[in-house]
Amino acid sequence: MDSKGSSQKGSRLLLLLVVSNLLLCQGVVSTPVCPNGPGNCQVSLRDLFDRAVMVSHYIHDLSSEMFNEFDKRYAQGKGFITMALNSCHTSSLPTPEDKEQAQQTHHEVLMSLILGLLRSWNDPLYHLVTEVRGMKGAPDAILSRAIEIEEENKRLLEGMEMIFGQVIPGAKETEPYPVWSGLPSLQTKDEDARYSAFYNLLHCLRRDSSKIDTYLKLLNCRIIYNNNC
Amino acid sequence: MDLWQLLLTLAVAGSSDAFSGSEDSSGNPKFTKCRSPELETFSCHWTDGANHSLQSPGSVQMFYIRRDIQEWKECPDYVSAGENSCYFNSSYTSVWTPYCIKLTSNGGIVDHKCFSVEDIVQPDPPVGLNWTLLNISLTEIHADILVKWEPPPNTDVKMGWIILEYELHYKELNETQWKMMDPLMVTSVPMYSLRLDKEYEVRVRTRQRNTEKYGKFSEVLLITFPQMNPSACEEDFQFPWFLIIIFGILGLAVTLFLLIFSKQQRIKMLILPPVPVPKIKGIDPDLLKEGKLEEVNTILAIHDNYKHEFYNDDSWVEFIELDIDDPDEKTEGSDTDRLLSNDHEKSLNIFGAKDDDSGRTSCYEPDILEADFHVSDMCDGTSEVAQPQRLKGEADISCLDQKNQNNSPSNDAAPASQQPSVILVEENKPRPLLIGGTESTHQAVHTQLSNPSSLANIDFYAQVSDITPAGNVVLSPGQKNKTGNPQCDTHPEVVTPCQANFIVDNAYFCEVDAKKYIALAPHVEAESHVEPSFNQEDIYTTTESLTTTAGRSGTAEHVPSSEIPVPDYTSIHIVQSPQGLVLNATALPLPDKEFLSSCGYVSTDQLNKIMP
């Protein structure tokens, strides 16, 4: 947790820098992204959103592929319909479930929800990579994607924090995010149980990446294009 | 969670039927597909079963369950989506929530399925497909158009709730295969270079980004261009390649035939040049042609023999003979006798050999100082051809020799035991002195002159007294106790060109050999003086000759006795005085090979051995 605190402090510093730049130059709509280095430029919100949408789309693609790969390899014929049984660890977050709800959610709330989702997946992704590595006969397709998703997740988190700082200057205290506790089930000796845990985790990852992707696109059209994408 | 566990049991029980997709032989209703066109509603469809007629129409029911609503509910709308379907409107639709549905027939579960709404998105086809003309080419043959369409109306792309991806297909009217373009995110796309006289068809379909399933195709749009000009659009001029090729080949063949069979030699030579005959320099090709092999052989043999002579082991001796070009020389006995004899004129001739060029060029080899037998040989041989420069070089050598003699006492022990090493060692020492300048040589000469002892009676080397403008060296008459340092003094200014240096080096090389003998003889030999009669010839005295005599005399105090008529000059290996032969076998061990290879001169004994 300490590392997370320090990283948050660092991100907060960055946020302040970005916010100060934003306050200084209000009229700039779009400028080149940091031509003189990260400390002396201002990234436009449009660029930040474009980048964030790209990354979230990529994460969703990767997680879908990874799930399909795992399903094909380990879950066929085993009846892993546990998605009906097990819930994801992020289910406690009050995310909007349809378009009307999403339309009525304020962008601040939506952004903090996105941040919460991203943060809550840091730990599971890390362990996913470790455990997939240890899985016997783990195909490279799954492992490489897991590693990639972990990196991209961190990247998206940074970007989102920057966007958050720009859209909502004077960001408030970070909301607590759900903690994942499914590590024991990933490390259990029972192979079927372990595979089932993996299946569930990958399914949840796919679902949450879809949520993040949709919310971000929603925010992008609402904030940047004024609901006229 | 009880319901969920029940659901799991059901799922496990019916999994094979639900997911295998195999035909239900019993004719029960089955789910065909569930679909959401805009991520806001969805509907599920099922087949009616084979023997539906037997069943009552209302016996089929569908139930669904959601995680947050943990009870089975019946389908809210059996009508809106058509027959055998269930429609869930937006209030019943919850994205990212797992649904499970089941189909019952007369109370018995016949099928069930679980899914999430975001996984079953399949948009409706785009609408409003149309095109506009962008521009027409100058030739009025081609045109560019822009095809536009609208997303399906029920999808909320403006808000960004769903992001769509489009795929355009097009083809000419009479074609059967559709061509497809890459997926686009925008609702318009240009098409370039369509032919104005043809008609085209386009259609477009869409899917949600990140999913795999496309929706249905839109309606096909027909593109026809109004006839601009009724003028005949001429077809592309088909270049008559075929005719041109045929005629070209014919013409070429005719030309070739004419050339080959024509009597015009000139043109023939131009087109078909003759094969060149082999040529050997110096040999008339006619000889080869006419088959006069004997003459060719002789010509070649001459060259061969000449070369062969050079590289013979006894080249020193042999070389002399070659220079004279007198085969009789060989039969005259050892060179020792030759030199000792009165016909030193002849000897002079020997050493005044012509054919400087051959040796000289070889003496220009840069790496002379290597213990290269051949090189030293040739240099020795050519050095025999006295040159003014050479004499100067010798003068230097003789001067140097003096210096070496000074150093000789220190080397007493060494030379006797290790000839080759001494050679090498001494070789290095005088060399820099030589190159350095004549000053050292002068010094050497002085010292040398200071000890003109036993050699007084013998003229083993000659003193150069003057050099004539013609280039001949004037040697002082064979005198004893010649004082002074004439050699070194008189011709200090004679600059030795490369050639001299080379000679010097070569002589130096041999001198080294001699020096070892000098070492044995602590006494310094006086410069021998060459008689002026040598002027006519191109003679030189090698340092070797000078030093060897000294060396020889070193074994004993007795200088090569004067009782023996010493020729005005001597060559190293021929250094005379039988008893004074430094290369006395008793005095020195004779590593024949080394000896020979080092300096290219042979001791009398060796000479005797070599010469039959």
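Cβ coordinates are placed from backbone N, Cα and C, and glycine is handled just like the others.
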Record Swiss-Prot, residue A:C88, disulfide partner from A:C25, A:C204, A:C221: A:C204
Quick one: Swiss-Prot says A:C229 makes a disulfide with which of A:C41, A:C221? A:C221
So which of A:S30, A:S120, A:S144 shows up as phosphoserine in Swiss-Prot? A:S120
Candidate annotated as phosphoserine in Swiss-Prot, where the set is A:S44, A:S56, A:S196: A:S56
Report which of A:S11, A:S64, A:S87, A:S185 appears in Swiss-Prot with the annotation phosphoserine. A:S64
I'd like to know which recorded positions lie near chain B: of A:S56, A:C88, A:S120, A:C204, which have a CB under 8 A from one of its CB atoms? none
Minimal Cβ count within 10 Å, across the disulfide-bonded residues A:C204, A:C229, points to A:C229
If you compare CA-to-CA distances from A:S64 (phosphoserine) to each of the recorded positions A:S56, A:C88, A:S120, A:C221, A:C229, which comes out shortest? A:S56
Cα separation, A:S120 (phosphoserine) to A:C221 (disulfide bond) (Å, whole number): 25
Please name which of the recorded positions listed here, A:S56, A:S120, A:C229, is nearest in space to A:C88 (disulfide bond), Cα against Cα. A:S120
Nearest to A:C204 (disulfide bond) by Cα distance: which of the recorded positions A:S56, A:S120, A:C229 is it? A:S120
The number of other Cβ atoms within 10 Å of the Cβ of A:S120 (phosphoserine), counted over all protein chains shown, is 20
Students should find that the Cα atoms of A:S56 (phosphoserine) and A:C229 (disulfide bond) sit apart, in Å rounded to an integer, by 18
